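If you look up Swiss-Prot, you'll see Gly221, Ser222, Ser223, Arg224, Thr225, Gly226 marked as NAD(+) binding site, on the strength of sequence analysis. Marked as active site by Swiss-Prot: Glu244, Cys278.
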Amino acid sequence: MTTHYIAGSWQAGQGEALQSLNPVTQAVVWQGQGADASQVDAAVLAARQAFPAWAQLSLEARIDVLEKFAEQLKQHSEALAYCIGEETGKPLWESATEVTSMVNKVAISIQSYRERTGEKSGPLADATAVLRHKPHGVVAVFGPYNFPGHLPNGHIVPALLAGNCVVFKPSELTPKVAELTVNCWIAAGLPAGVLNLVQGARETGVALAANPGIDGLFFTGSSRTGNLLHQQFAGRPDKILALEMGGNNPLVVDGVKDLDAAVYTIIQSAFISAGQRCTCARRLLVPQGAWGDALVIRLVEVCKSITVGAFDQQPAPFMGSVISLQAARALVAAQSELLAKGATQLLEMTQPQADAALLTPGIIDVTAVADRPDEEFFGPLLQVIRYADFDAAIDEANNTQYGLAAGLLSDSRARYQYFWLRSRAGIVNWNKQLTGAASSAPFGGIGASGNHRASAYYAADYCAYPVASLETASLALPATLTPGVTL
């Protein structure tokens with residue numbers, strides 16, 4: 001059974017039973033047993049033993065392996081895209097773009113490493129000042145289920161490039177994607193022990209996070225789990241912790257001329273990936289009055305016709321399923337709780353089939369809800385809040401513990417500049433979907449949304465630490481000795 005990849009060999013798990021399911025059909029996609037604590041220990045030890053040789057390779061030698069990995073991804077792109085769709089439920093057109101992002105991450109990471117963490121030097125009067133960067137050592141990477149290939153790849157690629165060795169624990173909901181990805185690394189010639197895969201759920205994750213042999217942990221996932229990791233690593237300045245978490249993201253709509261363009265951008269912001277992107281719009285802030293009424297009516301009208309279906313359905317749907325039946329039922333329950341608090345249903349989010357994790361888009365007006373929960377409802381549920389003036393909209397947009405993404409739809413550049421200056425988020429977009437971000441730019445947020453800028457251009461910053469040196473080829477006395485010293 002090919003479950004875990006440790007020290008260059010595949011082995012069966014010794015922990016709890018695991019299986020991943022197709023979210024729509026509930027067919028078993030993958031099954032095995034998770035890694036127990038002893039296997040996690042073995043993976044960390046294998047990474048530690050592989051570290052000296054990998055770190056001492058030239059940068060060009062490591063780049064060569066990364067570029068071969070990118071070629072393997074291209075060769076297996078169809079199989080990877082199919083697997084991503086099958087395990088996550090996202091349509092094939094969307095899972096194919098994820099594989100493309102994985103390929104592109106290699107070149108971006110190489111560029112980022114050279115520009116942000118390469119070697120720099122400059123002359124001084126009697127020496128040379130040199131800045132170099134060194135890898136941390138052994139790092140754990142925890143991956144999410146919503147982008148099971150792209151997001152962990154955004155940690156793993158720059159970590160390996162910098163000279164680290166990795167122990168990778170993917171989401172227990174998407175183990176097959178992780179297995180296929182690791183096979184691409186093996187085919188690229190990555191030495192044994194440099195990348196180790198441990199599958200598993202909570203038991204495996206707890207063992208890996210607590211292992212004293214790791215020098216850092218790179219995490220993408222929920223704020224709840226990220227906060228627990230932050231508490232666990234408190235008082236451990238010797239460990240590097242990079243967290244990319246969620247958001248209760250606001251999208252503010254100003255009066256724009258093209259109503260349908262606004263509606264389309266809202267749909268792309270709120271409902272792409274069935275609302276399972278950390279940057280998806282969760283709160284839609286709409287001005288009070290006739291124009292705002294017309295926008296909401298048109299949005300509801302268009303959303304009624306959005307197609308929802310299985311990942312391989314033809315013609316292709318816009319939305320696939322959410323990750324699991326459990327997730328679907330939790331979202332329907334969250335909608336009911338908001339209604340009980342006084343919200344108004346504009347478009348009901350429904351689960352058409354009780355045995356499938358398919359949900360239709362939901363739109364709910366929560367303006368009248370006094371105690372709106374500051375939560376990330378990770379699915380196709382959009383909350384509408386009506387505002388009286390632009391300053392009130394900005395105040396409401398910032399009324400969250402999170403700070404990942406925020407956006408403005410407006411025909412006024414002055415409005416955008418005003419919004420940008422006051423917006424509390426790591427990503428601020430103007431007249432573009434909230435889920436859009438340039439891979440060549442930093443990605444991440446502030447507050448409860450995380451600390452470092454994970455899985456993108458600034459990932460190089462936390463994958464290596466700077467070493468400043470003063471250097472001269474020969475030791476010599478200075479021209480003038482300091483007072484009080486006689487030779």
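Just so it is clear, glycine is given a Cβ too, placed from its N, Cα and C backbone atoms.
Annotated features, which come from Swiss-Prot, shown on the structure.
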| residue | record | Cβ neighbours (10 Å) |
| --- | --- | --- |
| Gly221 | NAD(+) binding site | 21 |
| Ser222 | NAD(+) binding site | 15 |
| Ser223 | NAD(+) binding site | 23 |
| Arg224 | NAD(+) binding site | 11 |
| Thr225 | NAD(+) binding site | 17 |
| Gly226 | NAD(+) binding site | 22 |
| Glu244 | active site | 28 |
| Cys278 | active site | 29 |
Q) Applying the rule Cβ within 8 Å of the centroid of the Cβ atoms of Gly221, Ser222, Ser223, Arg224, Thr225, Gly226, what extra residues of the same chain belong around the NAD(+) site? A) Phe219, Asn227, Leu228, Leu229, Met245, Gly246
(Q) Between Gly226 (NAD(+) binding site) and Glu244 (active site), how many Å separate their Cα atoms? (A) 8
Q: Do me a favour and check the Cα-Cα span between Cys278 (active site) and Arg224 (NAD(+) binding site); whole Å is fine.
A: 13
(Q) Cα-Cα, whole number of Å: Gly221 (NAD(+) binding site) versus Glu244 (active site)? (A) 7
Q: Look up Arg224 (NAD(+) binding site) in the DSSP assignment and reduce it to helix, strand or coil.
A: helix
Q.
Can you tell me the CA-to-CA distance separating Ser222 (NAD(+) binding site) and Glu244 (active site), as a whole number of Å?
A. 8
Q) What is the separation, in Å, between the Cα atoms of Ser223 (NAD(+) binding site) and Glu244 (active site)? A) 8
